[in-house]
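Straight from Swiss-Prot, the features:
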- His115, Asp142, Asp146, Asp244: Mn(2+) 1 binding site (BINDING)
- Asp142, His144, Asp244, Asp246: Mn(2+) 2 binding site (BINDING)
- His144, Thr145, Asp146, Leu147, His148, Ser155, Gly156, Asn157, Asp196, Thr258, Glu289: substrate binding site (BINDING)
Amino acid sequence: MNGAGEINASRHRKENELKTCQILGAPVQSGASQPGCLMGPDAFRTAGLTQVLTELGWAVTDLGDATPTVEPELSHPNSAVKNLDALVGWTRSLSQKALEMARSCDLPVFLGGDHSMSAGTVSGVAQRTAELGKEQFVLWLDAHTDLHTLHTTASGNLHGTPVAYYTGQSGFEGLPPLAAPVNPRNVSMMGIRSVDPEERRRVAEIGVQVADMRVLDEQGVVRPLEAFLDRVSKVSGRLHVSLDVDFLDPAIAPAVGTTVPGGATFREAHLIMEMLHDSGLVTSLDLAELNPFLDERGRTARLITDLASSLFGRRVFDRVTTAF
């Protein structure tokens, strides 16, 4: 074969290679106030997530479920803090797994599990981003900012702390040191509608970008999301999306222990996922806080699976592009 033929053959192989996705269950429930999140990964599997992504043209590998490292029992001066040793074990394990997955596939997906899982998943993918010499960005779709530290949490439920941890805030003694903290100004939150005073102060202090539900009511989801995606694109950054079930209105997604009225609608959520797909910027994904014990015949698991499929390329409606 001549040189031109070899180049064309190589290009043809690359064009026909499937994008790779690895799925990892993170059956974490030690950070939540109610039991049940440990069943989340299997509920997503039962809802057909792997099959849907395969049908969309992805080469999907399910790695099973992660397990936490075994840690000594830990106490903290804040007596409200619960299950600190479990948080350390899960963070250490998931961070290493996330790093390995980000090195070996195009788009890792982490199935929760309560949102404390993101202390590990985000810190792991951020380490890979640093290896590549790029900037890590995070889109946090949630009713809560999750910006407490071990010292400020009043409930002691550690699913309220991951953003403060992975952005390198102080107050996490005993947790694994961060190899690559995420710049808090690279974190964009949408759907926020329940914030404690200490978290409100920290948002202003560190520069996290917040589009709460009032902003979404007044501007819609398009303007704030487009502005954020433009920032990511301009620096060729890598984008981690973390979707908490309570981002959605509990009327359509009841399977979460932290319901807050007034969440995102089905249409708003699908539009966000379609915009993310169109951007081509997403490099990793969390699906967090699914509690099947609180679900209605798998309704929420199916909805989140449907949203994930939109992010991976399935559309609610096929759109015709018109040239003007």
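Each Cβ is built from the backbone N, Cα and C atoms, and glycine gets one as well.
Sequence features, as recorded in Swiss-Prot, placed on the structure.
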| residue | record | DSSP (3 states) |
| --- | --- | --- |
| His115 | Mn(2+) 1 binding site | helix |
| Asp142 | Mn(2+) 1 binding site | coil |
| His148 | substrate binding site | coil |
| Gly156 | substrate binding site | coil |
| Asp196 | substrate binding site | coil |
| Asp244 | Mn(2+) 1 binding site | strand |
| Glu289 | substrate binding site | coil |
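Highlighted in sequence order, Ser118, Trp140, Ala143, His144, His159, Pro162, Val163, Ser242, Asp246, Phe247, Ala288, Glu289 have their Cβ within 8 Å of the centre of the Cβ atoms of His115, Asp142, Asp146, Asp244, the residues recorded for Mn(2+) 1, and are not part of that set. If you take the Cα of Gly156 (substrate binding site) and the Cα of His115 (Mn(2+) 1 binding site), they are about 14 angstrom apart, rounded to a whole number. Counting other Cβ atoms within 10 Å of each Cβ, the binding-site residues Asp146, Asp196, Asp244, Asp246, Glu289 show the lowest value at Asp196. Among the binding-site residues Asp146, His148, Asp196, no residue is found with its Cα located within 10 Å of the Cα of Asp246 (Mn(2+) 2 binding site).
Residues His144, Thr145, Asp146, Leu147, His148, Ser155, Gly156, Asn157, Asp196, Thr258, Glu289 are listed as the substrate binders, and the farthest two of them sit 19 Å apart at their Cα atoms.
His144 (Mn(2+) 2 binding site) counts 25 other C-beta atoms within 10 Å of its own C-beta, drawing on all protein chains shown. Other residues of the chain with a Cβ within 8 Å of the Cβ centroid of Asp142, His144, Asp244, Asp246, the Mn(2+) 2 site, are His115, Leu141, Ala143, Asp146, Gly191, Val245, Phe247, Val256, Thr258, Val260, Ala288, Glu289.
Taking the Cα of Asp196 (substrate binding site) as the reference point, the closest of the binding-site residues His115, Asp146, Asp244 is Asp146.
Counting in whole angstrom, Asp142 (Mn(2+) 1 binding site) lies 14 from His148 (substrate binding site) by their C-alpha atoms.
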